[in-house]
Amino acid sequence: RLGGLQQGIGRPSVYHAVVVIFLEFFAWGLLTTPMLTVLHETFPQHTFLMNGLIQGVKGLLSFMSAPLIGALSDVWGRRSFLLVTVFFTCAPIPLMRLSPWWYFAMISMSGAFSVTFSVIFAYVADVTDERERSTAYGLVSATFAASLVTSPAIGAYLSAWYGDNLVVLLATLIALADICFILLAVPESLPDKMRLNTWGAPISWEQADPFASLRKVGQDPTVLLICITVFLSYLPEAGQYSSFFLYLRQVIHFSSTTLAIFIGVVGILSIVAQTLLLTLLMRTLGNKNTVLLGLGFQILQLAWYGFGSEPWMMWAAGAVAAMSSITFPAVSALVSQSADPDKQGVVQGMITGIRGLCNGLGPALYGFVFFLFNVELNAMDPIQGDFNIDPLPLQSPTERALIPGPPFLLGACTVVVAFLVAVFIPEKPSCSSSSSQLSLSEKSHTDGKESMSALAGVHINTPLPGSDEESPPTANHEDFEPLLQDSIV
């Protein structure tokens with residue numbers, strides 16, 4: 001089925017997707033330290049609030065555009081849309097030193113195309129069968145974490161010794177290398193016959209409607225419970241990724257060097273959790289219990305971040321946070337059991353649509369709560385003095401010791417509710433009830449966010465053994481989707 005594909009090097013494979021993801025987020029990871037400085041210099045007042053609004057706008061735009069890009073990638077192929085999404089995700093990078101205002105404006109606007117994970121999951125689904133797919137998705141998720149293991153440390157080091165301009169230049173060159181790799185080396189994964197069948201087919205409003213998947217959530221009790229769980233647990237996670245590094249620098253007094261090491265350690269632990277630990281838990285505890293365990297880890301780490309005021313607490317909570325990254329691959333596998341193979345796109349579209357919505361609401365919610373509790377940056381030295389970056393807390397010591405991180409505590413409460421809801425998810429949901437109510441045509445329009453294109457495309461590729469889609473909302477991830485990535489950066 002791949003014989004007619006002539007573009008790129010070799011046959012389409014998971015490794016092509018892995019390289020694309022690694023380069024994109026390695027480039028953004030380099031900018032972790034410089035971005036915090038630019039953010040504070042540009043918005044010295046209400047830094048957390050503005051950060052939340054910027055990332056929130058980006059997340060909502062991604063949510064709105066994801067189904068359309070997914071539907072179009074089913075017609076025109078994955079390769080061209082990989083090019084578009086990577087280009088627009090990385091487009092703001094050179095503007096960081098040229099014009100900070102344009103840089104943050106571009107980050108917000110780039111959300112309309114920053115759905116690389118959506119296309120990547122579709123690409124992976126095209127080239128894997130059902131048995132291999134969960135492993136392949138785990139590899140992509142782990143690659144994202146791996147790209148952030150070393151890049152923040154490298155960026156902080158180069159920034160301290162050579163200045164931010166070199167870091168921005170290096171990140172720009174890596175982003176260009178990623179684009180060239182897609183142009184020259186990535187083959188099209190969508191079989192020619194599949195594209196010929198749909199070429200010129202009109203894209204209906206239903207396919208492009210981002211709320212279509214959300215409207216179907218209540219049609220099946222099992223899917224409804226899973227969707228509520230995803231919303232309540234992913235909302236605080238999306239907010240956490242958007243503001244967490246800023247929080248560590250401001251409230252916990254991490255230097256940029258310590259912050260880079262922290263990211264590396266947590267990244268390595270996340271890779272272990274999403275590969276070895278996840279596989280082990282799924283085999284021993286089962287799918288549902290793995291989800292519950294992941295939610296339990298998430299509650300613990302959010303509460304620890306909320307009440308913790310000492311650096312060692314952040315390190316301990318970071319280790320727990322890495323363990324909680326098993327939640328979303330497990331949720332994705334769980335929801336895939338609730339539908340027939342040819343309805344995977346519909347149910348996965350619901351999950352990813354909700355995650356997309358959280359990517360917009362979470363950062364804005366966290367920024368607003370930080371603003372309400374008057375947690376702001378008081379002082380931040382230039383990056384060159386990175387060993388002396390010890391901003392003074394705005395709050396009194398007593399106040400700070402009580403609740404240093406109010407949004408994290410709020411997030412822990414929502415995840416507790418998510419845990420209680422997840423307890424009622426049936427162990428082995430019936431596939432027929434949910435799929436019978438979801439039509440084949442709805443499947444591609446429900447391609448909600450990251451899995452949207454994965455779902456729709458895989459769906460259309462049903463002749464392949466792995467055509468039934470299982471596009472997991474990657475926990476980092478992802479999940480982290482580019483929004484998360486950028487925010488995290």
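Using N, Cα and C of the backbone, Cβ positions are placed for all residues, glycine too.
Taken from TrEMBL, the feature transmembrane segment applies to 12-32, 52-72, 79-95, 101-124, 136-160, 166-186, 223-247, 259-282, 289-307, 313-335, 356-373, 408-425. Under the heading domain 'Major facilitator superfamily (MFS) profile', TrEMBL lists 13-430. Taken from TrEMBL, the feature compositional bias 'Low complexity' applies to 429-441. What TrEMBL lists as region 'Disordered' is 429-489.
Among the recorded stretches 12-32, 223-247, 408-425, the one sharing the largest number of Cβ pairs closer than 8 Å with the transmembrane segment (166-186) is 12-32. Of the two recorded stretches, the transmembrane segment (223-247) does not lie close to the transmembrane segment (79-95), with fewer than three CB pairs under 8 Å once pairs fewer than 6 apart in sequence are set aside. For the transmembrane segment (356-373), the list of distant contacts is 46, 48-63, 66, 210, 214, 231, 234-240, 242-243, 403, 406-407, 410, 448-450, 481, 483-484, 487: same-chain residues at least six beyond its ends, Cβ to Cβ under 8 Å. Beyond the transmembrane segment (259-282), the same-chain residues lying 6 or more positions past its ends with a Cβ under 8 Å from any Cβ of the stretch are 29, 32-33, 138-139, 141-142, 145-146, 148-150, 152-157, 245, 248-249, 289-290, 293, 314-315, 318-319, 321-323, 325-326, 329-330, 333, 475-476. Two recorded stretches are said to be in contact when at least 3 C-beta pairs lie under 8 angstroms, sequence spacing 6 or more; the transmembrane segment (79-95) and the transmembrane segment (313-335) fall short of this definition.
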